[in-house]
Amino acid sequence: MSFTLATWNINSVRLRAGLVEKLMREEAPDILCLQECKSPVEKIPREAFEALGYRWMVARGQKGYNGVAIFSKLPMQEARAEDWAQMGHARHIAGQLENGVTIHNFYVPAGGDIPDREQNEKFGQKLDFLTHMRDDFRAAPPEKSILVGDLNIAPREDDVWNHKQLLKIVSHTPIEVDHLAQVMEGGDWVDVTRKDIPEGLLYSWWSYRAKDWDAADKGRRLDHVWATPDIANAAHGSRVLRDARGWEQPSDHAPVFATFDL
DNA sequence: ATGACTGTTATAAACAGA
């Protein structure tokens, strides 16, 4: 079988339900993972998505903040949902396909402005969340698994518009990059996007604050698709749908795609 | 170096995003 998967920080699934439908119609991924739904699960407008063939949904939500959901054309059952740093946040959901492949959908905390846990509690929570992820994957090594989401870290120099200028900016600091590398090592994860696109600048997020995001192009690659080694070689066709950042009233993130032939 | 924007809601002289 073959399926295409996309991950997208939607920044309100209710406000942007129309954009979700546009993506479902025009790009038609078999599986769509969303973050920052900012909605309780019961208020997600899933009927509109069902009508487009996405009959299965697994989700966690809360009022106003966070929230993750997976919409699937393929039968999917809920596998897991963890509150990784015990913050009472809806930042993880996992679903399983009938072929046994597990899909983890993550929304890692942004971490606030100051990259110092003594001055900024949120930065510490971000690091702790990543440490919990690492320890969990070490304790129970994942198999036949895909991990996607807004990890809120751009790990490589060519994942940001200016490496030197962003070294002290949350999302690209060395301690965050090190924590993310440990999560990756903990589960033996492969960065599928960079396996497919090994060279060159690549972004999935552009700030709302730029006057002209496209011209300035001060982006960061915060959204990721990983897979375990037993299925990573089945992945191909990775891409970022940059066009979606220019849609009307857009999310500040663009969807990231990968296809798996299994 | 600063400030620029957007969403939800305790509709703000707030908070979070990153």
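Cβ coordinates are placed from backbone N, Cα and C, and glycine is handled just like the others.
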Site co-member for Mg(2+) according to TrEMBL, given A:GLU36, A:ASP150, A:ASN152, A:ASP252, A:HIS253, out of A:ASN9, A:ASN120, A:ASN233
A:ASN9
Using an 8 Å cut-off from the Cβ centroid of A:ASN9, A:GLU36, A:ASP150, A:ASN152, A:ASP252, A:HIS253, can you name the remaining same-chain residues around the Mg(2+) site, in sequence order?
A:ASN11, A:GLN35, A:TYR107, A:TRP205, A:LEU222, A:ASP223, A:SER251
